Amino acid sequence: MIASHMIACLFTELNQNQVQKVDQYLYHMRLSDETLLEISRRFRKEMEKGLGATTHPTAAVKMLPTFVRSTPDGTEHGEFLALDLGGTNFRVLRVRVTDNGLQRVEMENQIYAIPEDIMRGSGTQLFDHIAECLANFMDKLQIKEKKLPLGFTFSFPCHQTKLDESFLVSWTKGFKSSGVEGRDVVDLIRKAIQRRGDFDIDIVAVVNDTVGTMMTCGYDDQNCEIGLIVGTGSNACYMEEMRHIDMVEGDEGRMCINMEWGAFGDDGTLNDIRTEFDREIDMGSLNPGKQLFEKMISGMYMGELVRLILVKMAKAELLFQGKLSPELLTTGSFETKDVSDIEDDKDGIQKAYQILVRLGLSPLQEDCVATHRICQIVSTRSASLCAATLAAVLWRIKENKGEERLRSTIGVDGSVYKKHPHFAKRLHKAVRRLVPDCDVRFLRSEDGSGKGAAMVTAVAYRLADQHRARQKTLESLKLSHEQLLEVKRRMKVEMEQGLSKETHEAAPVKMLPTYVCATPDGTEKGDFLALDLGGTNFRVLLVRVRNGKRRGVEMHNKIYSIPQEVMHGTGEELFDHIVQCIADFLEYMGMKGVSLPLGFTFSFPCQQNSLDQSILLKWTKGFKASGCEGEDVVTLLKEAIRRREEFDLDVVAVVNDTVGTMMTCGYEDPHCEVGLIVGTGSNACYMEEMRNVELVDGEEGRMCVNMEWGAFGDNGCLDDLRTVFDVAVDELSLNPGKQRFEKMISGMYLGEIVRNILIDFTKRGLLFRGRISERLKTRGIFETKFLSQIESDCLALLQVRAILRHLGLESTCDDSIIVKEVCTVVARRAAQLCGAGMAAVVDKIRENRGLDNLKVTVGVDGTLYKLHPHFAKVMHETVRDLAPKCDVSFLESEDGSGKGAALITAVACRIREAGQR
């Protein structure tokens, strides 16, 4: 009767007054969103302190690395054992995880007691007891003969140094086993098992209960990257970027951080938020001054907080008509379970009455209403404080990922969260208010931390298996010193074949004479025109070469486009268009009608018969002008100049871009006798002794040989080094079977090799969770510029993920690490192969000259060499390693092949003038 009467009167004016009275009295416990955001800001600062190497020792929030580097992706499978030790009872579990299209977890477990004499005895006794219980469990399941992986949940303060190494800092929860503090608990279990000798296990991971919660929920929801426990105690963990964890080496990937957030405020950070009741609870606790945040929010203290408030308000004659009872004055008499019961929507007021009577009080209706309101304020503050710190964690993850809107899941366990009727809802609402730009899902952990320990173990096993499978594949792309020496030897053989008259025709490496017989000596001078034609745009340049004190090169140039109808029209139309552009340039430079020597960079396959005669073998790069193939391009140009009858030009030299690069660098460095291009394509040239150039008469002097080394291997001599990925790229190219070396080293193909490897990994479930997107199937999406960006040292994995997202590939942090590794392996092999080819060239020059040591410079151009962050360094190291008797310098060409054509012309004019004198 009294209960129904109380419920009916709940909202009477009297009750409202009582609620207002409590609200006024507990004003400092009711936290505004503004205050919560300030607490959140402070907590973010504390997190940073805990992560920093210099600030960590004094940080209150310790931010401990757990060495758990990945959350479940749903493909885990296998049979695992788990030990869950955190109190007077401990559990042993067998966890079977299956992945046959349907994720399923089966668990069997048994609870074992730890007698008090063992808890307080020696460490040897304790771990022998644990090993005995483990043996008993395995006997029952008849699995003793199996060596199963085991995960160990050990919920005591530990210093963790590896996933399977954790040193106990101090016992808590009534444990006093001697000889354990300061020791590695994994080692102690292993030794106890060895002492028995009747079974063996593989201890893979030791974790705390918070990490176990995150991993348990992470199996069901792959967005889960935060673990939260609000029970007797409180703690949280989350996945942090490795680059921010100063205590652990390495910058790539993520690691779970055990925050130990209960200690937030131990340094005084929360003094203005803590109330007199919080201070009283702390003073009466077993660890005064420690775990101050935990004492404001966790189940161990919530009931006691309510009791202290009731006592204080009764003393102030605001409750119970100023009367107290011995029971109410007894510490611990008001439990957190009582708070949950009183806040129950259905019969909370009735429960308040019963609990207050149990405490020896004679409560009036308004006393019950006031007690209900006190419980509400205390539990709401707890949820709000939790929300403030969670908001800081979510904000940090969002910042780490650089996302405008974060989608994340929080795995939660603990009696307060699960059993209090309103705590969870209040927590959820507060989090969403404090971080409105985060879509947060809360997922209850139903299977406790034992399953979590098994999940950590399952993930570690999956990662190890996948790593082994990937490494086996990537091994085929990693070249040993011996293999690279063999590539160098084979290149030298192919060079000899190309130089010899007898074998030249069948040789893939053509070693074409360029009729360039000297490099610049610095005495060149004069004004020269240069044409640079190699694509849909071409350049006309005026190059002024000065010698003496004013030695240098001054350049003016203009870029002209070639319309598609001209590219596909007649040869006459094409060369008339080129001459029209030259005329325009001369007029633009105020040099109309002037006759100048001209150098012509013509980057199409040609057979050169003299410095100023080059027969076009075939058009490439989209050109189809009729009447040109099989013709001398210099003659075609001269005929077009004659047709115009406006000016005359002395076409002195026609060269390709590689020779142009060598000559450009040769002007800066007289030791430059080799040219190399590693860009979209790849080629090399060098100064060969005339006696070895059998295709050209004469024994004296030297001539630059255009190697056309991209075709190295077209005769099958590299087949043992080519992988299935190289073969796939070749077969789908425009010229299958041709330019095989180029397809292993040049920018046009490296991205395709990477894409093929990524497809292979994804099909085998080693990447992108086994899901192949349509975008990944698209040829050419993986441009080489992305390789350069992905491998950039200053680029965080976050930016790597952004690049992959731009390519339409949704990746996890682990995926990004794998993609980066594939890019590294492919680019490194390219640089090493390039270095092996270059080592063959410089060693040949040294041997030609009969020198013990050669000092030589290589002029280099090309986007891959210039823009890739590591290509040049790896190539240089390889050349040094494979050609130790050569002192090789590398000089980047800054002005392209047009300047090179002008310098060849300048050298030819110098030699011609010297001959005339």
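Cβ coordinates come from backbone N, Cα and C, glycine included.
Swiss-Prot assigns the feature region 'Mitochondrial-binding peptide (MBP)' to one of the listed ranges (1-16, 897-912), namely 1-16. Within E573, E700, E708, the residue that Swiss-Prot lists together with S603, F604, T620, K621, N656, D657, S682, N683, Q739, R740, F741, E742 for binding D-glucose 2 is E708. When the candidates T66, T232, T389, T473 are compared with the D-glucose 6-phosphate 1 site entry in Swiss-Prot, which names D84, L85, G86, G87, T88, D209, D413, G414, S415, S449, the shared residue is T232. Site annotation (Swiss-Prot): D-glucose 1 is bound by S155, F156, T172, K173, N208, D209, N235, Q291, L292, F293, E294, and the candidate from E116, E260, E327 recorded at this site is E260. It is 5 Å from the Cα atom of S603 (D-glucose 2 binding site) to that of G534 (D-glucose 6-phosphate 2 binding site). DSSP assigns S155 (D-glucose 1 binding site) to coil, not to a helix or a strand. Comparing CA positions across the binding-site residues R30, S155, T536, G862, the one lying closest to G414 (D-glucose 6-phosphate 1 binding site) turns out to be S155. L864 (ATP 2 binding site) and R740 (D-glucose 2 binding site) have their C-alpha atoms 18 Å apart, to the nearest angstrom. Closest to N656 (D-glucose 2 binding site) in space, going by CA atoms and restricting to the binding-site residues G86, G534, G535, L787, is G534. Relative to G534 (D-glucose 6-phosphate 2 binding site), the binding-site residues with Cα atoms inside 10 Å are T620, the candidates having been S155, T620, E742. Cα spacing between D84 (D-glucose 6-phosphate 1 binding site) and L787 (ATP 2 binding site): 45 Å, rounded to the nearest whole number. The maximum pairwise C-alpha distance among R30, D84, L85, G86, G87, T88, N89, K425, R426, the residues recorded as binding ATP 1, is 38 Å. G535 (ATP 2 binding site) has T620 nearby among the binding-site residues G87, N89, T620, S682, E742, counting only those with a Cα within 10 angstroms of its own Cα.
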